Structures are given as C-alpha cells and as structure tokens.
Amino acid sequence: MEERGSPDGDPARNLEQGPEGSETPIQVVLRVRPMSTVELRRGEQSALHCSGTRTLQVSPDVAFRFGAVLDGARTQEDVFRACGVKRLGELALRGFSCTVFTFGQTGSGKTYTLTGPPPQGEGVPVPPSLAGIMQRTFTWLLDRVQHLDSPVTLRASYLEIYNEQVWDLLSLGSPRPLPVRWTKARGFYVEQLRVVEFGSLEALMELLQMGLSRRRSSSHTLNQASSRSHALLTLHISRPTSQQVPPVDLGEPPVGGKLCFVDLAGSEKVAATGSQGQLMLEANSINRSLLALGHCISLLLDPQRKQNHIPFRDSKLTKLLADSLGGRGVTLMVACVSPSAQCLPETLSTLRYASRAQRITTRPQGPKSPGVKPPQQVENELLRLQEENRHLRFQLDQMHTTAPGAHGARMAWAQRNLYGMLQEFMLENERLRKEMRQLRSSRDLARAEQRVLAQQVHDLERRLLSACPLPQQGSTPVCPCRMVPAASCHALPPLCYCHHFCPLCRVPLAHWTCPRRECHMPQVLEPEAPGHISQSVWPPPWAPPPSPGSAKPPRERSQSDWTQTRVLAEMLMGEEVVPSAPPLSAGPSNMPYGLRGGSGIPNLTPRLETLTQQINSSLHLSQRQPQPSEDTQSPGQGLSSC
C-alpha cells in the first residue's frame with residue numbers, strides 16, 4: 001500500500017520542543033467534513049476512510065499520512081485541540097510570527113472550520129459549540145493576556161484579496177484597493193492598511209463580524225455561501241520591556257509577534273459549479289492565485305531551493321504568505337476535503353497539495369530588540385572585535401617597519417603613470433585625426449591636379465591638330481597604305497605624307513610609309529652614319545597640303561621658321577600648372593606631375609612623351625632636308641599616282 005506524507009508527530013508535541021533557530025516543518029491537519037443532506041439524498045457513500053488518528057485511506061492501494069486526521073464526527077472543539085493553536089498563541093506572545101490557513105475545494109468546510117457557521121442575522125451570535133478556530137483562539141488569548149505580568153498591546157487588521165486586489169475590511173472610508181509594498185525590514189506588507197487596537201473580547205468579535213459582513217460571497221451549485229475572496233485577519237502582539245527602545249527606522253515594525261488567520265477561497269471547476277459572468281471571472285482569479293501558491297510550494301520542496309528563485313511576486317496571495325511559507329514563521333495548515341465520490345478528483349488534488357506542503361521547512365526567528373542582546377551574542381561580538389583589533393595592530397606595525405612614505409609614493413607614482421598614459425593616448429588620438437585630415441586634403445588636391453593635367457594634355461593635342469589642317473575632301477586620292485595595328489592610334493612616328501587622322505580625336509595616325517610612293521619620294525642617304533634610318537624629305541604631317549592646281553613645289557621653310565617651331569614646341573612642353581596647395585610629399589620633388597600625390601592617370605606620361613617625340617622628329621627631319629634643285633621632281637608631281 002502506498003502511503004504518502006510522514007510527519008514527525010502531532011503539532012502540539014512538535015512545537016513544545018522550541019522552534020527558534022531550527023528547521024520546523026509546516027504542520028498539516030486534515031479534516032473530512034460530514035456528508036451533506038443533498039449527498040445523503042442522492043444515496044452517496046463516503047469515499048474516504050480514516051485509519052487511526054493520522055492516516056486517511058482513499059483506496060486499498062493509496063493512503064495519506066498527516067499530523068492529524070479528523071473525520072466528520074469530530075466537533076469544533078476537537079478540531080481546535082488537535083490543531084495545537086494554543087501553542088501557536090504562546091509562540092506569538094513570545095514574539096514569533098505564526099500563521100494558520102485553511103485550504104481545500106469549494107464547499108469543503110474551510111470557512112466553517114475557521115469562523116463557524118455564518119450568523120443567522122444581525123446581532124445574533126454564533127452558538128459557542130459551533131464557534132470556529134478564530135473565536136476560540138481569541139477567547140483563549142485574551143484570557144492568557146490577563147494573567148501575564150507585563151502589559152500586552154493587541155491590534156488587529158482584516159483584509160481580503162478579491163480579483164487580485166487588496167481591500168481593507170475594517171476601513172472607515174470608502175472602499176478602495178490598497179498597494180502591496182516590500183522593504184528589507186518588513187518584507188511584503190499592505191500600505192495604508194487600518195490597524196485597530198483592542199483590549200477586550202467583545203471589541204475583537206465586533207471587528208471580526210464587521211469583516212465577515214463585508215467579505216464577498218456568493219452561491220453556486222456546490223456551495224450556497226461560497227467565499228469569493230481570500231481573507232487574512234492578523235493579530236499584532238507587542239510586549240514592551242524595560243530595556244526596549246523604539247525602532248530607529250520608521251519602516252521597521254514594532255517589536256513583537258503576530259498571529260495570522262488565512263481563509264483561502266476554494267478551488268473550483270467552472271463546469272462543475274456552473275459559474276457564469278462575474279462568478280466565472282472570480283473563479284479564474286481564485287484558481288490563478290492558488291496555482292501560484294502551489295507553484296511556490298513545489299519550488300520550496302526542492303533540495304536546492306537556495307539556488308532557485310521562488311516566485312512569490314506572481315500574486316498578491318503569495319506575497320503576503322511568503323514569510324509564512326518560506327521565511328521565519330511557524331505555519332499550520334488545515335486541509336479540508338469532501339467525502340463525496342463526485343468530488344474525488346478535487347479531493348485527491350487537495351491531498352497531494354497538503355502532502356507536499358508538510359515537507360516544507362522554515363526557520364522561525366524570535367523577536368529582535370535593538371536594545372537587548374543575548375549574552376552569547378555579546379560574547380561572540382566581543383571576541384570578533386578583539387580579533388579585529390589584533391589584526392589592525394599587526395598591520396600598523398608592518399607599516400612602521402617599511403620606509404616612510406613608500407606606500408604614498410607608490411600610489412602617487414601609479415596615479416601619475418595612469419595620468420601620463422591617458423595624456424599620451426589623447427595626444428596620439430589628436431595626431432591621428434590631424435593626419436587623417438591632411439591625407440584627405442592631399443587626396444582632394446591630387447584629384448584636382450590630375451584633372452588639370454588631363455585638361456592640359458587635351459589642350460596640347462588640340463593645338464597640335466590646329467597646326468595640321470585637314471586636307472580638303474576630294475583633293476587627293478585615298479592612300480592605299482597599310483595601317484599598323486597599334487594600341488594607340490598616334491603612338492608610332494614617323495608619319496607619312498598622306499595624312500590619316502583618328503576618327504575620334506582627329507590626331508594624325510602613325511603608319512608605315514606608302515610602299516607605292518617609296519620609289520618616287522626623294523630620300524637623303526647618309527652612308528657615313530651606320531644604322532641610320534632614312535627619312536622622307538617631304539614636309540611634316542602638319543604642313544599644309546599642296547593645292548590641286550598648283551604645280552609649284554611647296555615653299556621651303558627657312559631656318560628661322562623651324563627655330564620658331566622648336567621654341568613653340570618647347571613652350572608647349574614646358575607649360576606647368578601651379579596647384580592651389582602644395583602637393584603631397586609622396587615622392588621626390590623632381591618627379592613629374594603625373595607621378596606626384598598618389599596614383600595619376602596611367603596614360604598621361606606616355607602621351608606627353610609621344611607628342612614630344614613627334615615634334616622633335618619633325619624638327620630634326622626638316623633640318624636635314626637638302627636644298628631642292630630646279631631639275632628635281634616637284635612634290636606636287638609625285639602625288640599623281642597616290
């Protein structure tokens with residue numbers, strides 16, 4: 001048979017051992033309500049069987065074990081004694097934080113267990129035999145306070161969590177939702193919550209009845225008085241002593257204990273209860289908060305929960321129960337179930353929930369008074385201060401043995417070193433920025449200079465063409481000479497007399513001399529110059545062609561004309577464009593413009609050299625031309641066959 005849950009004993013005996021400083025498990029008491037009149041009419045039988053005082057039998061194979069198991073025949077007084085609430089009250093008087101909360105399905109008797117049956121009318125008290133845990137605890141607590149030697153201050157607060165909003169059930173003004181805050185000293189608390197001080201049982205009962213009358217409830221198929229909200233009533237107990245001083249921080253709570261009673265709304269299935277509209281929204285909100293509570297309980301059971309994040313902030317309910325579940329308080333859980341077989345799925349869920357909850361352990365902490373310390377703590381603090389004093393004296397002696405000012409000098413040197421490195425980095429950054437600006441400026445100047453040089457080359461070519469007028473169309477026949485396939489159309493001197501021009505730039509094309517005219521063209525041979533290539537005696541390409549009707553040979557140019565042409569060519573080649581800014585220092589100062597300031601135009605220098613060679617070749621040819629005789633054949637007569 002599978003048996004779940006193994007508590008160490010009943011709550012009363014466990015709490016007698018003293019919870020302070022040790023791990024204390026959450027105590028769970030199970031109560032099975034009796035069969036209702038409707039269930040008896042349907043002929044249902046109980047699906048749960050209590051085997052002794054601590055075991056609940058669900059089936060022959062499944063059983064659950066808790067601190068105490070109470071069947072439907074137990075009275076309210078039996079439940080109060082079995083839960084050990086008196087011991088929780090004693091711990092609250094000693095300054096501990098104690099919590100009692102009920103959990104279970106809707107209609108399982110949670111509110112009845114805590115507060116008894118609802119009042120039959122206004123001013124009609126509940127019979128003493130039917131009073132719940134809260135009324136019995138109030139009666140016992142006030143009687144216990146009267147027999148104490150020191151005065152005790154009692155205060156009460158009452159709130160409900162409805163649709164994830166906190167409402168004050170004791171508020172004197174108009175009801176409004178209150179925020180939940182968190183501080184390191186107090187943990188989670190409700191801001192602006194009214195706390196009422198009382199001194200008698202009658203005053204406390206009036207506060208309880210006021211809260212119960214304001215609490216929201218409704219009816220559905222499973223419960224005629226179903227609570228639609230979670231309710232928390234807290235009793236604050238403070239016992240001032242002669243050594244006690246008020247807290248320094250106004251956010252800190254007063255020194256003392258508290259006793260909190262939590263009546264959770266029951267979990268329900270909308271399909272089973274038939275809830276619609278507002279009831280369905282309330283059921284969803286209730287189930288969502290209970291699901292968050294179950295998730296926190298599951299994470300608290302993890303052995304490595306110190307490394308896990310417990311999501312107490314997922315709902316307002318888990319925020320206010322964070323200290324009771326996983327903090328420094330003592331917690332008692334009363335699980336209420338229904339014996340009906342129709343509610344068996346929800347009953348099993350509640351049993352598993354309670355079985356997991358009783359395995360959660362807390363570390364209760366007693367009251368912390370800022371003016372009073374235990375003797376053991378004072379002795380430990382004294383030993384710690386003595387050890388710290390010896391350590392500081394040893395460090396002081398070590399500082400005296402070293403050179404005076406050495407530590408300060410090292411610190412100053414380190415600071416200066418860091419400051420110097422920072423200054424160097426800043427200067428280097430500024431230098432790089434300036435160099436980048438200079439490079440960009442030089443790049444722009446080089447591009448401008450390249451454009452100027454390209455324009456200069458273009459002007460030189462145009463001026464060269466202007467010195468070589470085109471022959472009139474139809475004046476001379478087409479020359480049948482063969483063109484040399486060169487990469488550049490005007491890169492191979494010397495030129496033939498028949499002028500071929502580039503169709504694009506109109507520059508005379510370089511080609512071999514006409515083979516049909518070689519026999520008729522007069523040549524000047526100089527055998528004394530070996531390796532010398534014979535040149536044509538005809539005028540240069542830029543000379544004007546003879547007119548068709550003229551029989552005279554072209555006029556020979558004088559030496560002064562050729563000198564003037566040479567001077568003109570040197571002037572053309574010597575022109576230089578002065579840039580608006582100094583060029584880049586990328587090469588030597590005597591480097592041609594096409595190579596300064598970075599990459600220039602690739603064909604600029606060869607084109608200039610080609611023009612220079614053409615002009616020099618023509619000038620050289622004209623100087624070596626002999627004086628024409630009268631019997632020499634005129635050039636105009638030799639053009640008849642071309």
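Every residue, even glycine, has its Cβ placed from backbone N, Cα and C.
These features come from Swiss-Prot:
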- 1-13: compositional bias 'Basic and acidic residues' (COMPBIAS)
- 1-25: region 'Disordered' (REGION)
- Ser6: phosphoserine (MOD_RES)
- 25-360: domain 'Kinesin motor' (DOMAIN)
- Gly104, Gln105, Thr106, Gly107, Ser108, Gly109, Lys110, Thr111: ATP binding site (BINDING)
- Ser369: phosphoserine (MOD_RES)
- 376-465: coiled coil (COILED)
- 531-561: region 'Disordered' (REGION)
- 538-548: compositional bias 'Pro residues' (COMPBIAS)
- 579-642: region 'Disordered' (REGION)
- 610-642: compositional bias 'Polar residues' (COMPBIAS)
- Ser634: phosphoserine (MOD_RES)
Site with most surrounding Cβ atoms, counting all protein chains shown within 10 Å, from the binding-site residues Gln105, Thr106, Ser108, Thr111: Ser108
Intrachain C-beta neighbours of Gly107 (ATP binding site), sequence separation six or more, cut-off 8 angstroms: Leu222, Asn223, Ser226, Gly266, Ser338, Cys343
Binding-site residues listed as Gly104, Gly109, least Cβ neighbours within 10 Å: Gly109
In the chain carrying Lys110 (ATP binding site), residues 6 or more apart in sequence that have Cβ under 8 angstroms from it: Thr102, Phe103, Gly104, Ser227, Asp263, Leu264, Gly266, Val334, Cys336
ATP site shell beyond Gly104, Gln105, Thr106, Gly107, Ser108, Gly109, Lys110, Thr111, criterion: Cβ within 8 Å of Cβ centroid: Arg33, Thr102, Asn223, Gly266, Cys336, Ser338
